[in-house]
Amino acid sequence: MFLYVLFCCVGVVHCYGNGLVSVVCDSMTPIHRSYSAQSTTAPFSITTDKTTFKEGDQITVLLSSQSGDQFEGFMLQARRVGSSTPIGTFTVTSNAQLLSCNGVANSAVSHTSNSKKSSVDAKWTAPTSGQLGDIKFGATFLKSFSTFWVGVKSSTVAYNGTGTSSATPTVANNGTGTSATPTVAYNVTGNYSATPNTLTVSSNPNCGKTKVCFSQPSNCDPAANTGCYFMAVQTTSIQSEMRIEMFGQASGYLAIGFSDDQEMGNDDIYICGKDSSGNLQVQHAFSTGKTAPTILSLVNVTDIKTVLMNGNINCSFTSRNAISTGSRATSASEYYLMIAAGPSASQGNIQIHTSRYVSSTKANLQVPSQVITDAEEFPAIVKAHGCLMLISWMTTGSIGMLIARYLKGVAKDHGCCGKDFWFMAHVFLMVLSVIATAIAFILVFAYEKDWSGGAHPVLGCLVMILSLIQPIVAAFRCEPQHEQRFVFSWAHSFIALAIKGLAVAAIFTGLALFEEYVEDGWMLKVMGGFVTWEALMYILQDLNLRAKKKDSEICNFGSTKPETVLLILFILGNLPFLIALLVGIGRT
């Protein structure tokens, strides 16, 4: 019953009656179990009090019912026609609240409760600068938990301002005494990229003097080492202007980022990658987590230079865009630096990165003299979590289970305090396993401070819950001679089997996270070898147990019983697998 309730809870964790739905800013699709959006015409509409706008104009937007139906929840954004990025800002009166989407504060509106509503209004203010064009207001309407409409659109509101809806980047003096305006191509994401210019990679002597540099390996020189991943930021006397360089080997794209922490999400990033024609283009984007980043307008990016040679991507440009992390655009100059590289699809869309490097400390972009080094892929606390789980369920837990099942007849009636040696060893090893599991559980949650998602944490929680239930069940067991003793025996065995299976699955999924970007996946193969070895030992122990019931033995080792020999053999074989995995985790 407990597990049933637990799984039921998992299905509803994405219900947001309070309207805090920034997690679905891009798709605007509610995450409501297996329910999908309605394909029928929505009984709700979006109307505006203006049909045209210019910079700084304010438009009143009304969400209303057309047929007397009421809606419980909603999400409203304004987007330029052909773009998926919210534009402008909102103000609200009642029954609504403001949200931050893609790093832009007040760029969306949602409900504050799941009370029934017939209409809601909000005021939208157009940007005063940037890349503008015709817009449409789009909304999601939620009539009930299972009934909702996505992509309800208003009529087009035409842009008739004095600016232009596109910008042509300029290229600074190219070193020959003249300034050049390169041919410019427009790509499907709405960003401009410059035709490649001759570009020379800066050498390391400039790092620490005029530039803040970050590289992997540390202090590598991109001019001399083609295996170097490198980024440099040079601030100028002009406020908020940066000259950015990036270099690295990648099959599709290279990206650099500025972040408030060492995790992906809420990061200001620049991407230099191949478009559908194989040419390099520069894009400005905002990372929302482990999903594809949201592409932004380049706006104040100029002097773009790109070179693709022997698989190495080399880009540089000048940016006057304020760095935006989270829900704020800030003039603060301290950030963690990130470099990522990976493949891209044939259409030029970037895919999940295969290499990622993060600085160990924040870099002050105004202080070139500081030394920026690479951080470990996985912090020590996460590695400790993995090591404790391996020790618990590859060694102490496995040995404790083997002893309880197959070694009860060894040194029978010999022990301490009226308990046989096998029982004392079993209890001691299982208590160690539970304690180590609890410590590992606490460590990883103390580090994450949140639910990270995926199969691994679910499996880990189930292992932790059952590990705590098992000793409670054992504490209330009846006497061996009791007629209901078989109930405890079956329950104890079933829970032990469930813990073992879930623990093995948790270890596999955990190792997969450690090897997420490793092609050979050798730790997963080692774990597979261990499971095979353990299964073989169980089979041999079981065959020996069946033979003993027939007053026989599968092997004769003199005075030493076969089950003892098999246990020693299991431990000797267990250690190389365990040590290999512990070393592997330590090196990630």
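In case you wondered, yes, glycine gets a Cβ from its N, Cα and C as well.
Here's what TrEMBL has on this protein:
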SIGNAL    1-15  signal peptide
DOMAIN    10-172  domain 'Reelin'
DOMAIN    227-342  domain 'DOMON'
DOMAIN    347-550  domain 'Cytochrome b561'
TRANSMEM  388-407  transmembrane segment
TRANSMEM  427-447  transmembrane segment
TRANSMEM  453-476  transmembrane segment
TRANSMEM  488-514  transmembrane segment
TRANSMEM  526-545  transmembrane segment
TRANSMEM  565-585  transmembrane segment
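Residue counts for the domain 'DOMON' (227-342) by DSSP state, with H, G and I taken as helix and E and B as strand, are 0 helix, 71 strand, 45 coil. Listed stretches 388-407, 427-447, 526-545 were compared with the transmembrane segment (453-476); the greatest number of C-beta pairs under 8 angstroms is found for 427-447. Remote same-chain residues near the transmembrane segment (565-585) are listed as 378, 383, 386-387, 390-391, 394-395, 398-399, 402-403, 406-407, 511, 514, 522-523, 526-527, 529-530, 533-534, 537, 540-541, 544, 555, 557 (criterion: CB distance under 8 Å, separation of at least six residues from the stretch ends). For the domain 'DOMON' (227-342), the model's pLDDT averages out at 84.
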